[in-house]
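Student: Got these off TrEMBL a minute ago, pasting:
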TRANSMEM  21-40  transmembrane segment
TRANSMEM  52-74  transmembrane segment
TRANSMEM  81-99  transmembrane segment
TRANSMEM  105-128  transmembrane segment
TRANSMEM  140-160  transmembrane segment
TRANSMEM  214-238  transmembrane segment
REGION    263-282  region 'Disordered'
COMPBIAS  271-281  compositional bias 'Basic and acidic residues'
TRANSMEM  301-330  transmembrane segment
TRANSMEM  342-360  transmembrane segment
TRANSMEM  372-390  transmembrane segment
TRANSMEM  396-418  transmembrane segment
TRANSMEM  430-452  transmembrane segment
TRANSMEM  458-481  transmembrane segment
Amino acid sequence: MFIEERITTLFKRNFHHTCTYWSVFFSFGLCIAFLGPTILDLRCQTQSTLSQITWVFFSQQFCLLIGSSIGGVFKKTLFSALAALFLSSLLISIIFAIIPLCHNVLLLAIAMAVSGLAMGIIDTIANIQLVAIYQKDSAVFLQALHFFIGFGALVSPLIADPFLSETGCRVGNVTENVTEIMHHFRNTLRNSPIVMHNVSVDHLPLAEEPEESIVSYAFWIMAMINLPVPMAVLFLMYQEQLIPFCRSTTPHLLDKDELAMENQGAEGPDTEPKDQEEGGGHGDIFSCCQNNNLRELPVSFFGIHIVGGMVLFMTDGIVGAYAGFVYTYAVSPPISLPNKTAGYLVSIFWAAITAGRLVSIPLTFRFQPVRLLMINLAGVIVTVLLLLVLDTSSIFLFVGTTLLGLFLSSIFPCMLAYTEDILDYQGCATSVLVTSAGMGEMVMQVLVGSIIQSEGSYSFLLCGMIIGCMGSVFFLGLLFLHRMHRKYLTGTSVKSAMVEELPAAAAAAAVDSKTEQKESS
């Protein structure tokens with residue numbers, strides 16, 4: 001069969017859980033990509049300058065990183081995980097509803113920061129819960145989970161586009177010119193599939209009567225679209241009988257104990273259940289660092305966390321940098337594409353990522369995550385190398401953008417499944433990898449943007465080549481650490497088996513000695 005019956009059965013028993021986490025990530029994708037196209041209208045709403053509005057979006061990204069770091073603290077029980085998802089998703093709807101009421105840039109920054117914190121918590125918890133449910137079979141479900149991010153990122157700008165201002169506004173007596181606007185976009189925006197398409201000369205502020213902004217309706221629509229998500233999480237809590245005063249008469253879905261017994265039966269009757277609390281589990285980064293058992297763990301355990309995080313730091317950094325600066329590269333010599341044509345590159349890049357994650361779902365059934373990672377990382381390097389060689393071809397720029405999106409699409413879910421499998425689902429890989437990926441996007445955008453500004457547009461692809469090669473080197477280091485850790489686990493299992501055999505051998509020897517004494521007497 002194309003899909004194992006065991007995986008199908010497990011998915012059916014966890015259908016409600018899985019679909020809820022997928023819907024949360026669709027909302028997550030909507031929230032990430034929705035803010036970019038509305039930046040000019042928000043600047044008009046708050047009567048702020050472009051440099052001031054930049055800090056608003058930085059606060060959202062920075063708090064998203066913090067939320068990803070601390071999200072694992074809510075994984076200890078199903079109730080705490082679902083309660084955190086419910087409150088975070090509900091908080092996102094509330095924040096988007098009050099954003100149109102924030103006429104001060106400081107209030108807007110605080111609102112964005114709170115929404116970023118909530119999205120970061122959602123990011124970590126949804127990944128952790130899926131890994132905890134499916135464990136060794138989690139790769140395909142993580143691929144689907146991250147497909148919904150890309151799908152949401154494609155849909156959200158379409159919601160905002162009808163409500164965006166056509167003429168912009170003036171802040172005080174200053175009207176920003178085209179150069180300042182584009183410089184701002186190249187250095188501050190991220191993860192918006194069609195943001196550059198929405199910004200043309202006709203959309204820039206003019207020294208005319210500014211039209212009244214109606215972008216508030218877009219945010220309110222966003223709040224309404226997101227509202228079913230916390231309701232779905234609340235319904236799951238009701239089904240699991242986790243709401244104190246609303247006890248359901250229907251039987252539980254698959255709980256943690258039943259799931260552990262099922263996984264134990266799949267692995268073998270002699271497999272002992274794992275204690276997540278004793279082994280570290282999938283906690284947040286800070287609780288992992290305070291684990292009392294860290295001194296007993298080998299160097300390879302820590303190396304896998306660090307090197308795996310660095311792989312995603314580099315690859316997700318490429319995603320953020322390419323989505324943010326491919327427009328700048330395309331409109332600059334030697335390609336010099338028209339602004340509107342270049343604007344489609346970002347949409348194509350995100351469409352390729354979405355399609356790649358969809359295609360990776362059936363591939364995950366056939367191939368191990370480590371093989372897909374090898375193919376994807378090699379494909380990233382070859383694609384960027386061809387873009388460097390064919391730097392004057394506008395046609396190959398579109399082809400290369402598509403290929404790069406396809407190869408980058410499944411690296412994160414494959415890395416997550418592969419690293420958790422190495423650690424036998426006892427480390428803190430999910431929290432570390434999610435945090436490293438978010439940090440890579442933020443840092444690489446700033447770094448690549450400053451290099452492009454000082455060295456020219458050609459350095460854009462050169463930076464991508466260097467970052468891709470560094471990511472591949474870290475991946476080779478991860479393979480080496482995997483081998484080291486496997487030897488450590490083999491040696492530990494042999495020692496434990498010998499320790500278990502010693503009492504039995506001693507008891508048998510005692511019985512034999514007593515038998516001999518009786519026979520001699």
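Using N, Cα and C of the backbone, Cβ positions are placed for all residues, glycine too.
Keep in mind that TrEMBL annotations are predicted by a computer and have not been checked by a curator.
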Student: State, in range form, which of 81-99, 214-238, 372-390, 396-418 has the highest count of Cβ pairs under 8 Å to the transmembrane segment (342-360).
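Tutor: It is 396-418 that shares the most Cβ pairs under 8 Å with the transmembrane segment (342-360).
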Student: Quick test of the contact rule: Cβ under 8 Å, at least six residues beyond the ends. What residues does that give for the transmembrane segment (458-481)?
Tutor: 300, 303-304, 307-308, 310-311, 314-315, 317-318, 321-322, 325-326, 328-329, 370, 373-374, 377-378, 380-381, 384-385, 387-388, 391, 419, 444, 447-448, 451-452
Student: Checking distant contacts: for the transmembrane segment (301-330), what same-chain residues at least six beyond its ends satisfy Cβ-Cβ under 8 A?
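Tutor: Distal contacts: 182, 185-186, 189-193, 196, 337, 341-343, 345-346, 349-350, 353, 377, 380, 394, 397, 401, 404, 408, 411-412, 415, 419, 422-423, 427-429, 432-433, 435-445, 447-449, 452, 457, 460-461, 463-464, 467-468, 470-471, 474-475, 477-478, 481-482, 484-485.
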Student: Six or more residues beyond either end and a Cβ under 8 Å away: which residues meet both conditions relative to the transmembrane segment (430-452)?
Tutor: 61-62, 64-65, 68-69, 71-72, 120, 123-124, 127-128, 131, 186-187, 190-191, 282-285, 288, 305-306, 308-310, 312-321, 324-325, 328-329, 412, 415-416, 419-420, 459-460, 463, 467
Student: Please give the sequence-distant neighbours of the transmembrane segment (81-99): residues at least 6 beyond its ends with Cβ less than 8 Å from one of its Cβ atoms.
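Tutor: For the transmembrane segment (81-99), the far contacts come to 20, 24, 27, 31, 42, 71, 74-75, 108, 111-112, 114-115, 118-119, 121-122, 125-126, 128-129, 219-220, 222-224, 226-227, 229-230, 233-234, 236-237, 240, 242.
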